[in-house]
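Annotated features, as they stand in Swiss-Prot:
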TRANSMEM  13-33  transmembrane segment
TRANSMEM  50-70  transmembrane segment
TRANSMEM  82-102  transmembrane segment
TRANSMEM  115-135  transmembrane segment
TRANSMEM  161-181  transmembrane segment
TRANSMEM  198-218  transmembrane segment
TRANSMEM  248-268  transmembrane segment
TRANSMEM  286-306  transmembrane segment
TRANSMEM  321-341  transmembrane segment
Amino acid sequence: MESFVTLYVLPGLLILLKSVALIVILLVGVAYILYADRKIWAAVQLRRGPNVVGPWGLFQAFADLFKFVFKEPVIPSGANKGVFLLAPVVAAGLALAAWAVIPVSEGWAIANINVGILYVFAIASLEVYGVIMAGWASNSKYPFLGALRSAAQMVSYEVSIGFVIVTVLLAVGSLNLTDIVLSQRDGLGTMVGLPNSFLDWHWLALFPMFIIFFISALAETNRPPFDLVEAESELVAGHMIEYSSTPFLLFFLGEYVAIVLMCALTTILFLGGWLPPFDFAPFTWVPGVVWFVLKLVAVFFMFALVKSFVPRYRYDQLMRLGWKVFLPISLFMVVATAAFLKFTGLV
């Protein structure tokens, strides 16, 4: 009995505590990411943005949270009630589950598994089911159209993201997210006399794939200019049009958690994760988790800027970009990376 408690119960409780702590930190982080998103968009449009609730509007997201929670959920009369209520739980739950393997610093992950990037990719692929369930269960044409668009869009851009991951796998030789970060200590920067610097990170050596991954991440998370799933001018709110109260909040939460997840993946795969930009003081004095958060925020800032000034694509343009531009380029980069590693004897 004592060995059972030591081997299973205590590790299980530790994982549970880590998971709860991660979810709380994520929810608070998403609240301020949303605040930053609205502030950046307002600044581009020469507006003030949220500025009433709390100092400088810092508590606006929490006010919105209480507003949604205390509203009455309305379920359409023709909707499939069970699936209708399950869909937002699936969307938010999968977005949170993907964070289990994300290392914010060395050793700072709930599960440091050897197929970490594959796990994240699999979970991200499943997130479309929440949208499809919502579109079908709402028994309305606008949510259903939004759900169909979402399925086609996510499948199209997951192909390109998959090839980006294959390229990184070839360059690193591991699917472990911690190994991917640590492999970025040596690269082009070492060759030019700046070892362990930002020039060693994959963004430079795999620059075309960095751009493809960033743009595909926008499409994967339904961010502008690829927000055709919930295009306000056509579908109002897409698959979320019939939702209100807490179910709507869960969809909204899942969407922003997925956005932050993609920013974290961009940081890990291409921007050195928690590694400092230079391997000397004072840069090395800063904890790795701080560097990780700063890089994540910088990537999100780019997400927000794209939302602010890039117009929405047409649906045919979105599909053409994914299948006729990104797919051939990413496939060529996989072959080119493999050939380079083979002929230089690096594998």
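Glycine is no exception: its Cβ is also placed from the backbone N, Cα and C atoms.
At the 8 Å Cβ cutoff, the transmembrane segment (13-33) and the transmembrane segment (321-341) share fewer than 3 close pairs (sequence separation 6 or more) and do not count as touching. Here the transmembrane segment (115-135) does not touch the transmembrane segment (286-306). Their Cβ atoms form fewer than 3 pairs under 8 Å, with each pair 6 or more residues apart.
With respect to Cβ pairs under 8 Å, the transmembrane segment (248-268) is most closely packed against 286-306, considering the stretches 161-181, 198-218, 286-306, 321-341. If one looks beyond the transmembrane segment (161-181) by at least 6 residues along the same chain, the residues whose Cβ comes under 8 Å of a Cβ in the stretch are 101-103, 106-107, 109, 112-118, 120-121, 124, 202, 205-206, 209, 212-213, 216-217, 220, 268-269, 272-275, 327, 330-331, 333-334, 337-338, 341, 347.
Sequence-distant contacts of the transmembrane segment (321-341), counting only residues of its own chain at least 6 positions beyond either end whose CB sits under 8 Å from a CB of the stretch, comprise 153, 156-157, 159-160, 163-164, 166-167, 170-171, 206, 208-209, 212, 215-216, 219, 313, 347.
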